[in-house]
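Only one structure is covered here, and it is reproduced in the block below.
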Amino acid sequence: MNRFGTRLVGATATTPPAPKARSNENLDKIDMSLDEIIKLNRKEGKKQSFPRLNRRLQQSGARQLRMRVRWGVQQSSGFGKTSVSRRGRVLPGKRRPYGVITGLAARKATGIRKGISPMNRPPLSDKNIERYFPALKRKTSLLRQNEVQRKPVAVLKRPNQLNRKNNIPANFTRSGNKLSHQKDTRQATFLFRRGLKVQTQLNTEQLIDDVVAKRTRQWRTSTTNGGILTVSIDNPGAVQCPVTQKPRLTRTAVPSFLTKREQSDVKKIPKGVPLQFDINSVGKQTGMTLNERFGILKEQRAALPFSKGGSRFVTVG
């Protein structure tokens, strides 16, 4: 044992000072038991793993504050509080606080940060926009302010338009009393196809009151019609007043010297008597009387031989 020790000492005499300390440690380990050597190795391993952490903890307070402000990490002072690194990870060797979010709650929290999936997305209301998308809310508010600034000042209406009590809307014929109008048109077409002239007169005052008063839907309106339907039937016996209308001149008037002068101003009366019968029946007439005609027919019937079943004609004697 002494020889081996003297050899090691002689060998380490020529080596630099750093390995000398290691050789002394090795000599101590030889004298130690196995359990002591394992404990010593564990201590040395821990010392080698923590120098980097100790260096970080020895940084100046100003530099730590600058880094925290830069990466958006809140300053936490006091013993036992967790410190967060640049990438958001908890540094080793620090005690975690109570009430750590784990499981489904942690997934929800990360989902809020990263973005919500379309399956679990909440309805897009003002509260949810403020909660999940604050930046978007700020942008929309700024856009609204710009729109309000750009919007021109509304021009005031004329006083006579404002003071009117019964302002008829522009789409009055479309919206108001649409069903009654359709009913009138159907009735008019039905009568017109049977040769009857139809004229509809709508009571405009009643229609205006209906539009102002009634705010109900179209299918709830009453079936009573405010219009008056008048039917005029052609009566040839009635005296019709002649309507004097000036003829339109499609071309320039012909000069007086070119027009033919009429020989007499008196109208020519046509000769003859007006016919009271069909003119086509004149050619069918003959000089034979009715008695002669019926006598010929009787003779023809008598000449025909009687059939077995008897005669179909009956002779009146």
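Using N, Cα and C of the backbone, Cβ positions are placed for all residues, glycine too.
Annotated range for motif 'UAP56-binding motif' in Swiss-Prot, selecting from 26-44, 140-158, 273-291, 292-310: 26-44. Range annotated as region 'Disordered' by Swiss-Prot, chosen from 1-23, 116-138, 185-207: 1-23. Counted with DSSP, the motif 'UAP56-binding motif' (26-44) comes out as 17 helix, 0 strand, 2 coil.
Each residue in the motif 'UAP56-binding motif' (26-44) has a pLDDT score, and their mean in this model is 82.
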